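Student: Grabbed the feature section from TrEMBL, which reads as follows:
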DOMAIN    15-48  domain 'U1-type'
DOMAIN    18-41  domain 'C2H2-type'
REGION    29-58  region 'Disordered'
COMPBIAS  32-44  compositional bias 'Basic and acidic residues'
DOMAIN    60-93  domain 'U1-type'
DOMAIN    63-86  domain 'C2H2-type'
REGION    75-103  region 'Disordered'
DOMAIN    102-135  domain 'U1-type'
REGION    121-142  region 'Disordered'
DOMAIN    146-178  domain 'U1-type'
DOMAIN    149-171  domain 'C2H2-type'
REGION    168-190  region 'Disordered'
DOMAIN    195-229  domain 'U1-type'
DOMAIN    237-270  domain 'U1-type'
DOMAIN    240-263  domain 'C2H2-type'
DOMAIN    285-308  domain 'C2H2-type'
Amino acid sequence: MSEEQKSRGAGRQTAGQWRCDVCNRTMNVQNRESHLSGKAHRDLTAAGGSQHAGTSTERASRWKCDICDKMMNSREKESHLSGKSHRKRVAAQQNRHSKPPPPQWKCDVCGCVTDVKDKDAHLSGQPHQDLAARQSQQSRVPPPGGISWMCNVCKEMVYVRKETHRHSTRHRELLKSMQRPAGPRGESSSSTVGVAQWMCDFCDQTMLANRKDNHLFSQGHRQKVLAEYIKPDWRWEPRWRCDICDQTVRAEQRESHLFSRNHRDLELDVLRHSAGKAMVGEVLWMCNVCGQTIHKKRKEIHLASDRHRTLSMFRSVPTLSAFESDAHRKVALSNLKY
């Protein structure tokens, strides 16, 4: 190839388009002359640029920016590196590598890894507590306090307080499956066809639903409730009670509860209405049975709690023995402390 051809550039022309093999560019045929006389083409030709597409020299002139994931000619490298978008990506990448990751914590019970700041929220969560209770039962090693009893609903030994175990997800699901609603005749597998069943998880007894009230006011049921609440080890875990949320948690979870979103939202409602005298009825609600004042949003939860139902049951029965009345007062006083 002559020097004139080199300076003019080898190329291919197809359907009004022309490709310069030196610069590896495609353009309209009418722009060919202006391109060949341009400085960029002449400089690349003088430097011995590639004259055939696909040669090793042409491939060597290509450069890829790994940060931006872009391919370009080597002559475009400097302008790309000094560009604004490239410099922003480099700075962002350096910040990611320079910032240390947050400290991690691994739960030995669940096996999950989370940030240290989320540790308390994980430990107070229902999934973690259920799994910890199941592992304690499987290992047959009672926790401090020496509590152990047989749950006829779950068909296993339990090493936590009855009130704690009754609120576990597994126990509640099994209990719900046992409390069958009334159905059409012929659809029930029980010998008592079409009659609703109800189970008292306090006494571990299943009975007809229409006998529920008789059972709750029976002497045997009340004695079991009293025996559960007045035995000395019923509160082997240090507990703390939040009056705003009407919720009892372990003492070490107090700070986590106070900074939780649910507590802060309820507390904010109370603070907003604290300037007025008519808070009770607007934001707060007073239980006439327990004598407690709590947030209205917690009313239904409070009414369904074991503590309220037990206190309501004893107050609705006028004939209590001296022992039962004294024990009942002890239970009420101990509950109000928490």
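Note: Cβ is positioned from N, Cα and C throughout, glycine not excepted.
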Student: Go ahead and report the DSSP secondary structure tallies for the domain 'C2H2-type' (18-41): helix first, then strand, then coil.
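Tutor: Once the DSSP states are binned, the domain 'C2H2-type' (18-41) shows 11 helix, 7 strand, 6 coil.
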Student: Tally of helix, strand and coil residues over the domain 'C2H2-type' (240-263) according to DSSP?
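Tutor: When I sort the residues of the domain 'C2H2-type' (240-263) into the three classes, I find 11 helix, 7 strand, 6 coil.
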